[in-house]
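Notes follow once the structure below has been shown.
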Ligand SMILES: C[C@@](CO)(OP(=O)(O)O)[C@H](O)COP(=O)(O)OP(=O)(O)OC[C@H]1O[C@@H](n2ccc(N)nc2=O)[C@H](O)[C@@H]1O
Ligand SMILES: Nc1ncnc2c1ncn2[C@@H]1O[C@H](COP(=O)(O)OP(=O)(O)O)[C@@H](O)[C@H]1O
């Protein structure tokens, strides 16, 4: 099994004030996801537990004094202007009136449309890193609010720790969870979040739970049946992984995960995984690697 080349647990070297290289953007899991209602604007009210992982993309930022924001590399399927990293940079720039710009490079490791928050985490890392590079001085809550304008999943990555989330995913409370190993499998399909949330057969009235009461046996992912019926490969992965350990879809899919008892068990399962899918082992992290950059 491939491991990311960079140690995500470490914040990058900051000795050069004009560049921040290999800034980590970790993946997340939704340990469960309940849809408890719907807002007038169509967004859904959720209850979910976010878990951050030691596995993710990395981003480079270099200061420009001419105010231009440029992405230096291609990201398959994501035009530069649509890239959440570029959009995050422009949003921070306009919000603060900052005259500086940046060259950015996005090294994708996380499968897109995977329910593991890749684009959202990239956006959060851009907000945190550029807030430092440009010395714009926004606080964590200010960056979380800015991130919410980019997507419902962005605030939790700025929050920087495992969290119980309500609202559309932005009302966050820290969760103290024991460290754990996970196996994450990508079925090789991209599941568009909007398609799953707009499905007629989505359960939208799960009764709200009280924060600490979310044992795996009493929770579920309400988006899972909808994704499985439209993308049967997701169901096939769940059925395969469930033989090894209780398996569940994360977010709106397509990735499927299971908590396992040790790194050795994770290695054994990932080695067994049929070659048509891609499997990774990942460990929980207590804090986002850039957590200390916002106080
Ligand atoms: C389902 C979750 C669970 O963590 O994650 P992913 O599977 O995307 O990783 C999130 O709620 C996704 O957050 P994010 O991917 O940022 O979604 P957004 O860009 O804000 O919205 C994408 C689409 O999903 C719908 N959406 C999103 C969040 C929400 N609480 N209710 C919704 O109805 C929106 O209507 C929009 O059409
Ligand atoms: N930097 C980025 N990385 C990944 N996806 C991005 C990025 N910028 C924009 N996107 C768009 O966001 C969509 C959802 O991406 P992603 O966050 O990986 O999935 P999910 O929301 O399922 O976790 C992608 O299909 C892509 O069109």
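Just so it is clear, glycine is given a Cβ too, placed from its N, Cα and C backbone atoms.
Features reported for this protein in TrEMBL:
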ACT_SITE  28  active site
ACT_SITE  153  active site
BINDING   111, 112, 113, 114, 115, 116, 117, 118, 119, 120, 121  ATP binding site
DOMAIN    84-161  domain 'GHMP kinase N-terminal'
DOMAIN    218-270  domain 'GHMP kinase C-terminal'
Measuring Cα to Cα, how many angstrom lie between residue 117 (ATP binding site) and residue 28 (active site)?
6
Among the recorded positions 111, 113, 121, 153, name every one whose Cβ is found under 6 angstroms from ligand 1, counting any of its atoms.
153
Binding-site residues compared (113, 115) - highest count of Cβ atoms within 10 Å:
115
Which residues of the same chain, at least 6 positions away in sequence, have a Cβ lying under 8 Å from the Cβ of residue 121 (ATP binding site)?
25, 26, 27, 28, 56, 57, 110, 153, 157
Neighbour tally for residue 119 (ATP binding site), based on other Cβ positions within 10 Å of its Cβ:
29
Can you work out the mean pLDDT of the predicted model over the domain 'GHMP kinase N-terminal' (84-161)?
97
Any idea what DSSP makes of residue 28 (active site), helix, strand or coil?
strand
Helix, strand and coil totals (DSSP H, G, I; E, B; other) for the domain 'GHMP kinase C-terminal' (218-270):
27 helix, 9 strand, 17 coil
On the three-state reduction of DSSP, what should I expect for residue 113 (ATP binding site)?
coil
